[in-house]
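Written below as structure tokens is the structure these notes are about.
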Amino acid sequence: MGCTLSAEERAALERSKQIEKNLKEDGVTAAKDVKLLLLGAGESGKSTIVKQMKIIHEDGFSGEDVKQYKPVVYSNTIQSLAAIVRAMDTLGIEYGDKERRADAKMVCDVVSRMEDTEPYSPELLSAMVRLWADSGIQECFNRSREYQLNDSAKYYLDSLDRIGAPDYQPTEQDILRTRVKTTGIVETHFTFKNLHFRLFDVGGQRSERKKWWHCFEDVTAIIFCVALTGYDQVLHEDETTNRMHESLKLFDSICNNKWFTDTSIILFLNKKDIFQEKIKSSPLTICFPEYTGPNSFTEAVAHTQHQYESRNKSENKEIYTHITCATDTQNIQFVFDAVTDVIIAYNLRGCGLY
């Protein structure tokens with residue numbers, strides 16, 4: 001008698017099984033939708049990561065993209081040279097050849113007329129090449145931590161002949177290295193390992209951060225980008241604040257935020273290529289006076305990594321750290337593969353399916 005189910009009980013059991021099945025299916029669907037936030041201070045490489053996703057998980061840059069980035073390359077190149085020229089006066093550095101002053105005036109005039117996005121005339125290109133070869137300009141470039149200069153300056157200025165050619169078309173690497181300040185929120189969609197990613201890139205400068213809060217619901221994981229190179233630089237928007245100190249403060253507020261109690265945090269210590277060169281001549285103690293280790297890449301990165309990871313106040317939260325070079329497609333492909341595996345495991349655990 002106890003084993004016989006009434007029609008109503010059988011129907012209730014069927015409904016219960018169906019609900020359980022639906023919940024499991026919903027869990028699987030939820031596990032397949034991934035909302036990723038790219039956060040970090042200004043110029044930490046967030047937008048470059050977005051461009052890499054386009055190369056790795058979409059079809060790369062279209063002919064239209066290349067056309068749109070061409071004036072940006074022209075502008076980034078001449079603006080970088082103009083920034084060095086302006087710093088020559090500020091730092092009191094003399095040109096190796098006095099005749100370079102006329103070339104410098106030509107460059108600054110083009111920038112002030114807002115013609116920096118135009119292809120270079122043969123005269124302008126020659127002036128830029130002569131300037132970049134000048135010993136005074138090179139001395140000033142080597143002191144770039146004392147003023148604001150794009151990371152890509154050397155890359156572009158070393159390629160002046162190619163960029164100034166009449167038939168110039170930006171390469172993938174040229175596009176990856178372009179710098180345009182992100183304003184507002186940029187959303188990118190792609191599919192990888194059967195997951196549907198929605199990646200949100202939000203401007204990192206102080207004025208942009210108030211826009212972050214709109215993105216904070218239902219976040220699967222945060223990728224927090226840090227420019228390793230910021231340890232000896234000050235902010236664009238506040239020249240009294242060290243960039244690394246600002247980034248650490250920001251990481252602390254994100255990592256320990258109540259919104260992100262159950263959110264995976266992935267830390268990208270970025271710009272390792274530039275940092276590797278910079279650390280040889282600019283000591284880490286500029287940012288971390290307590291540091292007593294050698295100014296070698298491995299030890300300096302390990303100390304910086306510890307500074308970030310020790311900000312995590314939750315015993316249950318793990319920080320997944322990667323040392324990255326956002327302009328290196330192979331490196332980002334490898335790292336993003338590892339990041340995705342973390343997300344899959346984390347998601348399935350959350351749904352009770354792992």
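Positions of Cβ are set from backbone N, Cα and C atoms, glycine also.
Cross-referencing 21-34, 35-48, 63-76 with Swiss-Prot places the feature region 'G1 motif' at 35-48. Cross-referencing 156-164, 174-182, 183-191 with Swiss-Prot places the feature region 'G2 motif' at 174-182. In Swiss-Prot, the annotation region 'G3 motif' applies to 197-206, one of the ranges 197-206, 207-216, 297-306. Among the candidates SER152, SER247, SER296, the residue that Swiss-Prot names alongside GLU43, LYS46, SER47, THR48, LEU176, ARG177, THR178, ARG179, ASN270, ASP273, CYS325 for the GTP site is SER152.
Looking at 250-257, 266-273, 330-337, 346-353, the range tied to region 'G4 motif' in Swiss-Prot is 266-273. Per Swiss-Prot, the range carrying the annotation region 'G5 motif' out of 6-11, 138-143, 324-329 is 324-329. Model confidence over the region 'G1 motif' (35-48) is summarised by a mean pLDDT of 92. Counting other C-beta atoms within 10 Å of each candidate's C-beta, the binding-site residues ARG177, ARG179 are led by ARG177. Taking Cβ pairs closer than 8 Å, the region 'G4 motif' (266-273) reaches residues 40, 44-45, 49, 151, 221-229, 251, 297, 301, 304-305, 308-309, 319-328, 335, 339, 342 in its own chain, all 6 or more past its ends.
In the three-state DSSP classification, SER152 (GTP binding site) falls within coil. Counting only same-chain residues 6+ beyond the ends of the region 'G1 motif' (35-48), those with a CB under 8 A from a CB of the stretch are 151, 176-177, 179-182, 186, 197-206, 208, 212, 215-216, 218-227, 230, 235-237, 243, 246-247, 250, 254, 268, 270-271, 324, 326-327.
Rounded to the nearest whole angstrom, the C-alpha distance between SER47 (GTP binding site) and THR182 (Mg(2+) binding site) is 8. Take the Cα of THR182 (Mg(2+) binding site) and measure to each of the binding-site residues GLU43, SER152, ASP273: the nearest one is GLU43.
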